[in-house]
Amino acid sequence: MVNIAVLGYGTVGSGVIEVLRLNGESISKRCGHDINVKYILDLRDFKGEPVENLIVHDYSVILNDPEVKIIVEVMGGVEPAYTFVKEAILKGKSVCTSNKELVAKHGAELLELSKAQKVNFLFEASVGGGIPIIRPLNQSLTADEIEEITGILNGTTNYILSKMSSDNADFDTALKEAQNMGYAERNPQADVEGYDACRKIAILSSLAFGMQVDFEDIYTEGITGITDTDVLYAKAMGASIKLLATSKKVGNHVYAMVAPMLIKPTHPLFSVNGVFNGIFVRGNVIGDVMFYGSGAGKLPTASAVVADVVDAAKHIGTNIMTFWSSKKLELRDVKAVEHRFFVRVAGCDDKARALVNEVFGEIEEVKVDGREEEYSFLTGFLSEAAFEEKADRIGKPLSRIRVMF
Ligand code: HSE
């Protein structure tokens, strides 16, 4: 039997208990050990609930119990999670976490520490909820040089954008629905401003390129600027708007960014709708690989956490090698990255058109019935810097969205 402790009895923590109860028998068979939850750390008491006897409020009880071999950290946030996890590793306990803030900020250090302590620091649930992506990058795709990772990594924003497109829902209503379903972060700004997706692509990039990608270095733009009108135009182009998190090798450099992008049905992520996440990986020998599934929610996330617990239990006394050096990867300045852009400008008279044509050269006009008072178009390929310079010359556009076709 392997004893574990769960830090935090919130959405994911209670999901972990439920998964172990629901599938305990088959999990034990696959693991070779029974998994026993000895403690749950939480500020609350949960009086009258089946977990009441497992609840402790003092972390030192868990830390100082040599019978506890694995800690499940599902509290979220950097502190006190970081301190608790570090102390656990130093005490010779493995840690399984769903905490993307913690992994993005301290992943390299905690992996190095766990290697030295011959324990494991596993974080499958930190990206893509229930979708296996960390383990594939760390184990199945190790024969490849990763050239690109592009993902829909935030379920809340994908749900909002999907609802705006399929039901003509407005932004706030769709966000409220996502919150009610338990997908959104406590502070939904982390979702809608792209910060959550940014941390997740930082984790994936660090694993893919084996060096520290600091999330602070990643250009990040959320979906708060996307309007119903933009969605109308996307539909008119047979496209949809997705919040994409990308990191890509160009020559010897890697660039990374999070931004809403227009994609067409030919793109593998086009059909990823609702709360689902999708992750597209391109390797230099395997080619293109896609991962798809529930990127948020209690049980899918708990499924990934429990799978990590099984892995940790199977590897007690042995460190599973993870290639993520703390050496910083200097990202390419996104200003040099080239895209096409979809642009809407106010005014559609001959003067406005002439100015756009003079500044942007050859463009492709996009028309939507009832929007005759504005001029909308697709540019050719331009660097971010060149686009900004041109956009300044025509006055502030009503909107501009990067285009992946
Ligand atoms: N708020 C996150 C999302 C939860 O919407 O994807 C999963 O990390």
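Yeah, the Cβs are placed from backbone N, Cα and C, and that goes for glycine too.
Note that TrEMBL annotation is computational and uncurated.
Noted in TrEMBL for the protein shown:
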type     : residues                            : note
ACT_SITE : K200                                : active site, proton donor
BINDING  : L7, G8, Y9, G10, T11, V12, G13, S14 : NADP(+) binding site
BINDING  : K100                                : NADPH binding site
BINDING  : E185                                : L-homoserine binding site
DOMAIN   : 8-124                               : domain 'Aspartate/homoserine dehydrogenase NAD-binding'
DOMAIN   : 132-310                             : domain 'Homoserine dehydrogenase catalytic'
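Positions of TrEMBL features highlighted on the structure.
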| residue | record | Cβ contacts under 8 Å, 6 or more apart |
| --- | --- | --- |
| L7 | NADP(+) binding site | G13, I40, L41, Y59, I62, I71, V72, E73, V74, M75, A81, F84 |
| G8 | NADP(+) binding site | L41, D42, E73, V74, M75, G76 |
| Y9 | NADP(+) binding site | I17, I40, D42, R44, F46, V51, I55 |
| G10 | NADP(+) binding site | V74, M75, G76 |
| T11 | NADP(+) binding site | G182, K298, T301 |
| V12 | NADP(+) binding site | V74, S98, A125, K298, T301, A302, V305 |
| S14 | NADP(+) binding site | K298 |
| E185 | L-homoserine binding site | T156, D191, D196 |
| K200 | active site, proton donor | K100, A104, S126, V127, G128, G151, L153, N154, A245 |
Recorded positions near ligand 1 among L7, Y9, G13, S14, E185, K200 (Cβ under 6 Å): E185
K100 (NADPH binding site), number of other Cβ atoms within 10 Å: 26
In three-state DSSP terms, the structure that S14 (NADP(+) binding site) belongs to: helix
Collapsed DSSP category at L7 (NADP(+) binding site): strand
Remaining residues near the recorded NADP(+) site, that is with C-beta within 8 Å of the centroid of the site residues L7, G8, Y9, G10, T11, V12, G13, S14: V6, G15, V16, D42, V74, M75
Protein Cβ atoms within 10 Å of G13 (NADP(+) binding site), excluding its own: 25
For the residue listed as 'L-homoserine binding site', the three-state class that DSSP assigns: coil
Whole-number mean of pLDDT values that fall within the domain 'Homoserine dehydrogenase catalytic' (132-310): 95
